[in-house]
Amino acid sequence: MTSRNQNRPPRSPSSKKEGVESIPLDKRRRIGMGRTGGATNAERKPFGSVNKKLDVAATSDVGSCVEGSDCGNVEFTKEEIDALVNERLKMKKFDHKGNMELVSELNARLKVCIKWFQKRDEAHVEGEGKLQKALDALEKKCAETEAEMKNKEERFSATISELRQDNTCVQERLVKEESEKLDAIACHRKENEARIALEALQASLSKDLEKAQQDILVANQRAASVDDMYKRLQEYNLSLQQYNSKLHSELEVARESLKRVEKEKSTIMENHSTLRGHYSSLQDQLNLARTAQDEALNQKDTLANEVKCLRGELQQVREDRDRQVAQVQVLTSDVVKYKESTSESCAKLEYLMEKTKSLEETCSSQREQIRLLEHQLTATNEKLKMSDLSSIQTRAEFEEQRRNVHDLQERLAETEYQLVEGEKLRKKLHNTILELKGNIRVFCRVRPVLPDDVAGSEQPVISYPTSTEALGRGIDVIQSGQKYPFNFDKVFNHDASQQEVFVEISQLVQSALDGYKVCIFAYGQTGSGKTYTMMGKPEASEQKGLIPRSLEQIFQTSQSLIAQGWKYKMQASMLEIYNETIRDLLSTNKSSGAENGAPGKQYTIKHDANGNTNVTDLTIVDVCRIEEISSLLRQAAQSRSVGKTQMNEQSSRSHFVFTLRISGVNEGTEQQVQGVLNLIDLAGSERLSRSGATGDRLKETQAINRSLSSLSDVIFALAKKEDHVPFRNSKLTYLLQPCLGGDSKTLMFVNISPDPASVGESLCSLRFAARVNACEIGIPRRQMTAQMTS
């Protein structure tokens with residue numbers, strides 16, 4: 001007799017906290033079974049003694065529950081255990097078998113409960129072991145920390161003793177001076193007061209030093225926690241990728257098995273259709289044989305009737321012959337005729353008898369054929385039943401495989417969603433870390449190899465590391481067999497599309513709408529793809545650069561924020577710095593003197609106290625739609641200075657600066673934000689030996705290299721945290737002063753060429769980008785105000 005616990009479903013952990021009302025009906029019936037039967041004289045014993053007796057009394061009854069059922073998964077609550085321990089069986093006086101069954105059932109339930117207690121005890125022991133190990137590790141860590149603190153305390157005590165020795169030396173000198181120079185008491189008093197002030201200053205400075213050290217420790221702890229979180233996110237991302245590949249392989253295996261099942265199903269259906277056709281043909285043959293048999297039986301009956309009639313007529317003729325013996329002579333001729341007719345009748349009779357025998361043989365052979373056909377029909381029916389069963393089984397397997405495939409697809413979709421969410425979280429945390437550090441973010445992009453590039457060695461000069469830490473963030477440049485590794489915030493290889501590049505900066509562009517100053521500029525040698533990265537080809541949707549895509553995102557987001565009460569006003573301006581001269585690219589009345597080299601309108605760069613930059617007399621256009629921006633970009637592209645060199649067919653000969661000022665007001669909260677988006681396409685650095693510039697191109701190249709050299713000086717000064725930063729050495733650096741030394745979110749694109757002949761310029765650009773990435777320019781601040789209502 002098996003225990004009723006076998007039919008009870010396992011309890012969930014959440015149901016352990018519920019009361020007696022939440023116990024299912026079958027449990028309450030089982031627990032209350034002993035309560036309604038009255039009290040007995042059985043004593044309550046500890047679980048240890050009960051467990052020893054169970055092995056002898058209920059081995060056969062409990063074996064099935066322990067070995068082949070789900071009793072190991074049963075959970076007990078406190079109320080169930082109390083009810084099971086306090087349960088008293090209702091014993092009948094002479095029904096020993098029933099009493100034994102009740103006792104064995106109670107013993108089985110008690111044994112299951114005891115085993116559950118043992119498992120819980122083992123789990124508690126294991127948990128205590130783990131906690132003890134963790135406690136030992138923490139104690140060890142505390143001991144190490146105490147030792148380190150003792151070492152620090154000893155160093156501090158040594159420093160204090162040295163200071164005390166110095167103090168005693170000073171006091172001895174003062175005593176000697178007092179004994180030798182009694183006439184200098186007033187001066188000594190002044191020195192004593194100065195010494196007291198210095199000691200107070202030293203104490204205050206020591207307190208400030210301790211506070212600064214504590215702040216440094218807190219900052220280091222925060223940085224370590226952020227680094228640990230970043231590493232865990234990278235490991236989680238790798239595990240998700242591995243799990244995704246595993247799911248793909250399982251999906252391929254499931255698809256192959258599904259194809260095999262479909263082939264088997266098609267073959268079974270073809271056999272089934274052929275068997276049905278054979279069965280129908282056999283049924284037709286059987287019907288034809290039965291009709292032929294019926295016709296033969298009918299012919300036999302008619303022939304038997306004819307034979308009987310002929311025998312009656314023969315007997316009548318013989319009787320007539322006996323009666324008419326006297327008339328034999330008279331009727332001789334009649335007798336001859338009659339004999340002839342009789343002989344013919346006999347011949348016919350014999351022919352009919354032979355025909356009857358042949359028909360009987362035909363009937364017997366047809367009966368045998370009918371029997372064979374019936375056997376074949378039964379065998380065919382059995383095969384048909386087997387094929388139906390196999391087809392049902394195949395269909396069930398097919399449905400199961402389809403469910404498995406659906407589950408795998410759902411798991412794959414969920415995994416891909418988790419992967420995307422993890423990547424978003426990683427980007428968000430990375431941006432937060434960079435904002436907290438105040439560093440300039442640097443992205444590196446490698447342009448594709450062009451047909452005009454010089455064919456170098458078989459080994460490429462640029463490679464990408466495949467390690468987990470450097471994947472997507474590292475780049476290696478090989479020069480003369482030596483590898484130079486670099487790491488940036490993001491590295492795009494030559495296969496990266498414009499959309500992939502824009503996705504990485506989309507959150508930074510969004511910050512301009514939130515009230516931050518944002519600056520994105522492209523740096524690199526001429527012909528490395530800076531203008532393609534920033535502008536692209538606006539007429540082709542897939543090849544649009546960062547500037548058109550950023551403006552489209554800003555206008556789309558501003559339209560979606562109207563529902564939340566935000567209204568934005570945007571103003572655009574575009575200029576270029578050509579030969580250290582500012583040119584307005586949106587000006588409609590350009591002076592001829594400026595075109596011919598004569599001095600035209602002078603533009604001055606000014607910075608206000610809030611860090612905002614203004615250029616005097618610069619054309620500023622109010623824009624409301626993306627079409628207006630596109631028109632302005634086309635006008636600026638036609639006005640920008642472009643020339644031909646030996647390194648680039650269309651080389652930008654000036655620094656292009658696009659500025660979008662954003663002012664937002666929330667009518668509901670009366671909150672105001674002011675953001676600025678600066679998108680800059682710097683002119684490319686180049687060597688005169690390679691560019692072959694002469695005349696005006698030579699002057700342009702020299703001006704470009706001087707301004708980029710000034711930018712390098714500013715970056716070096718910021719990296720060394722010098723007091724003076726030479727922003728005014730160039731119009732470019734003075735214009736970029738709020739982006740490089742203020743509270744702006746700044747991103748630099750360093751573009752490099754995979755051409756082996758340009759590996760030297762690529763190394764210079766990457767080293768400069770590494771120094772830029774190490775610069776700390778301050779934490780960005782949001783420009784927002786709240787209007788006061790009267």
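Every residue gets a Cβ built from N, Cα and C, even glycine.
Note that the coordinates shown come from a computational prediction; the quantities given were computed from them, not determined experimentally.
So that you can see what the record holds, here are the features copied from TrEMBL:
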type     : residues                                       : note
BINDING  : G524, Q525, T526, G527, S528, G529, K530, T531 : ATP binding site
COILED   : 128-327                                        : coiled coil
COILED   : 356-418                                        : coiled coil
COMPBIAS : 15-26                                          : compositional bias 'Basic and acidic residues'
DOMAIN   : 439-775                                        : domain 'Kinesin motor'
REGION   : 1-46                                           : region 'Disordered'
Count the other Cβ atoms sitting within 10 Å of the Cβ of T526 (ATP binding site), across every protein chain shown.
24
Report the same-chain neighbours of G529 (ATP binding site): residues 6+ apart in sequence with Cβ closer than 8 Å to its Cβ, ordered by sequence.
R445, R447, N751, S753
Count the other Cβ atoms sitting within 10 Å of the Cβ of G524 (ATP binding site), across every protein chain shown.
28
